[in-house]
Amino acid sequence: MVSLGGFARKLFGSANDRRVRGYKGRVDAINALEAEMKALSDEALAAKTAEFRREIADGKSLDDILVPAFAVVREAARRVLGLRPFDVQLIGGMILHERAIAEMKTGEGKTLVATLPVYLNALAGKGVHVVTVNDYLAQRDAGMMGRIYGFLGMSTGVIVHGLSDEQRRDAYACDVTYATNNELGFDYLRDNMKYERSQMVQRGHFFAIVDEVDSILVDEARTPLIISGPLDDRSDLYNTINEFIPRLSPEDYEIDEKQRSANFSEDGTEKLENMLREAGLLKGESLYDIENVAIVHHVNNALKAHKLFTRDKDYIVRNGEIVIIDEFTGRMMPGRRYSEGQHQALEAKEKVQIQPENQTLASITFQNYFRMYDKLAGMTGTAATEAEEFGNIYGLEVLEVPTNLPIKRIDEDDEVYRTVGEKFKAIIEEIKSAHERGQPMLVGTTSIEKSELLAEMLKKDGFSKFQVLNARYHEQEAFIVAQAGVPGAITIATNMAGRGTDIQLGGNPDMRIQQELSDVEPGAERESREKAIREEVQVLKEKALAAGGLYVLATERHESRRIDNQLRGRSGRQGDPGRSKFYLSLQDDLMRIFGSDRMDGMLQKLGLKEGEAIVHPWINKALERAQKKVEARNFDIRKNLLKYDDVLNDQRKVIFEQRIELMDAESVTDTVTDMRNEVIEEVVAKRIPERAYAEKWDAEGLKADVQQYLNLDLPIVEWVAEEGIAEDDIRERITAAADQAAADRAERFGPEVMQYVERSVILQTLDHLWREHIVNLDHLRSVIGFRGYAQRDPLQEYKSEAFELFQALLGNLRQAVTAQLMRVELVREAPEEPQPLPPMQAHHIDPLTGEDDFAPAGDTLLAVAPTTRDPADPSTWGKVSRNEACPCGSGKKYKHCHGVYEA
């Protein structure tokens, strides 16, 4: 029976269908201009860019020129790349321009679609960012699509790892900039650690189109990008605690795989306390006494390292290092590290060198970074399942773009076996069958361990020609994926490895030409061989089509339906036939964690024998319900964490905006004076209670405060003893003395030097206090959840206390800046040999898995002093060479920075 809603959808179409139909008028208008555009010369077509810019300057909006601009890009793409955007691609481009997410199936040309709104919005002259998930895709897309922009008179830049500040600044200054999400976020953080506006590389956040938007804005949504500096070495402590865990019994701890948590039982805690006591690490009687907070953190990490993290699934050991495996893609991520000491615990477990921990200097999540853009849009093949999250958090609507040709892929019901062994036996038989008929196969696994297990099983069964695509071999992944459509090819891939590269039936002729003819010079021979390769690929394509197209066989379901849909979507591109099927067992992670006992009982009642499978739509629906529960839980976690992160984000925006104002201001003297006056107000109010008699005033305390903050030795005790003295009199005398001392110092220094000194001191002190503030908020966040036991809302408590900490930061800033500036004196030092400083590191932590992704900051502007030197406190610097980089972190030589004065 058809529901009323279903009947209405059939009669009127879905809301998505109606929205898509609404673009038809503009598509027709673009098509109507096609002949006119074709008639233009190359020069006349390129001149349209200047014409559009003049129209915008005269008051036209981007919407007003959308139709002719899209028509120009379509014609340019045809001339430059030989690609003409289809009508559905024009619709995708309009969706992106209108701040929405375009869901486009694999092979529908998302990269080309982006050129339409990118060109249109770049006409505004504010820069457009196209965001990809890795350097390879950023360079590939910028190289290919940049030809269109260049033909039309626009510049294209690309940001990848390892560029200098100057190269980054040039790339951001281009009309169009291709970059990875990591590089964009790190550049933003680095910019807000610079001490001069001219050192910054980004020029604003106008419009960003995020490719694979679900991966970046959902999978890594709450991933903090972190820039940090090293802390003291604690490797001995990690190694000592690591030895305790193997001495525990299973009843000494509780493991919850669903929540990814591990806790000690009462017996386990008692055993652990005895071990710690013997090692001299326990203070007091109980592990959970306040003085043992750090030790609790270490033992919990050690327990997780041994019981929650599995080698070759969560990480591998390579060249004496722990290398993280991405949960979603199965890729190795060199440089990514687990946070909060977890990585060090794993290093201790695997007996490799323990790298030092780091202190956070600056951080931001992708959620908050991308919400800074005036205009945001995204593309992906799978977004509909996360439409609620995109709408609630980013204000982005998800619209499905129709395929250019109907999808012919057949998605079969899952086959469920009782054990993993039975499942893999059936998979081997299915691979044999498909291989014999010449059907190309993509076999999806969820981990390196399982991909290599399957590879070993295939070898034992006599298979020699197959490709394994996982984290260990990611360097070759683009080529392997591109050739996975060759008849009879067997490609084993972890999750979405190779995402961004299409699997073309018969293989990818362009990649074959690039690889096979790399040494052949242009000419008749190369043209002949290129033609032969293309003809061979066409023959192979016909064979693959005859065999049924690409067969996607998945060996397990992921927690997210979206990841499963991504895998299915590799087959059936551009109207090709295809097939997809999932092989499952009750021992799979998803089935085991989310209640396979009931299903196992049901299968036994049905009399299911060994090696037999059950195939029924009910199974698919039950699994989908389990996945929906996981997705809803993960969404709630992300949504809740965002509420907490918004508190830090609001404060971060205030601090970063204040830094820019300080760098832009011609003079900060008024700011310094205001700070000094507020400090005077605070110390007077503290020592002279309101409406109190003079004998109740704390004259000695006030004298000490004035000495501490203003570096002035004033006869305050004598002033207080004067007949009829008032509080205002005391305040005015202190203010006058402080103003005079500041004026005398400014006269000695000269206005130019004084301006530089004042600005430098404020920025350095602000940065130092902000770093401490981040640590304080982290500590507050880690314990605030316990307020719920007292019937108090943890979020409201966090907001309230975070605000108090922020107010304290501002108060400390006023006091520290005032105290330092009132002590500044000019000095001259003899030159010494320069000493190099250790670089800072950039980190990328994934809260879903606890991963910490870092890369060397890569420029001297980000050098930090050794831990014995406090950048905000010159008294800790000791002897500094004139030619050494200044310990304050400005990036200048000491003789051009703090070398002109001394605190």
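For all residues, glycine too, the Cβ spot is worked out from N, Cα and C.
Around LYS110 (ATP binding site), the C-beta neighbours below 8 angstroms that are at least 6 residues distant in the chain are GLY92, ALA102, MET104, ASP211, MET379, THR380, GLY381. Sequence annotations record features per position, and here Swiss-Prot assigns ATP binding site to GLN89, GLY107, GLU108, GLY109, LYS110, THR111, ASP502 based on sequence analysis.
Per Swiss-Prot, Zn(2+) binding site is recorded for CYS886, CYS888, CYS897, HIS898.
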Count the other Cβ atoms sitting within 10 Å of the Cβ of THR111 (ATP binding site), across every protein chain shown.
18
Position of peak Cβ density within 10 Å, selected from the binding-site residues GLU108, ASP502:
GLU108
Most isolated by CB count within 10 A, of the binding-site residues GLY107, GLY109, is GLY109
Three-class DSSP secondary structure - THR111 (ATP binding site)
helix
What same-chain residues, at least 6 away in sequence, bring their CB to under 8 Å of the CB of GLN89 (ATP binding site)?
GLU108, GLY109, LEU112, VAL113, LEU116, ASN404
Under a three-state reading of DSSP, tell me whether ASP502 (ATP binding site) is helix, strand or coil.
coil
Listed ATP-binding residues GLN89, GLY107, GLU108, GLY109, LYS110, THR111, ASP502 - what's their greatest C-alpha to C-alpha distance in Å?
17
Using an 8 Å cut-off from the Cβ centroid of GLN89, GLY107, GLU108, GLY109, LYS110, THR111, ASP502, can you name the remaining same-chain residues around the ATP site, in sequence order?
MET104, THR106, LEU112, VAL113
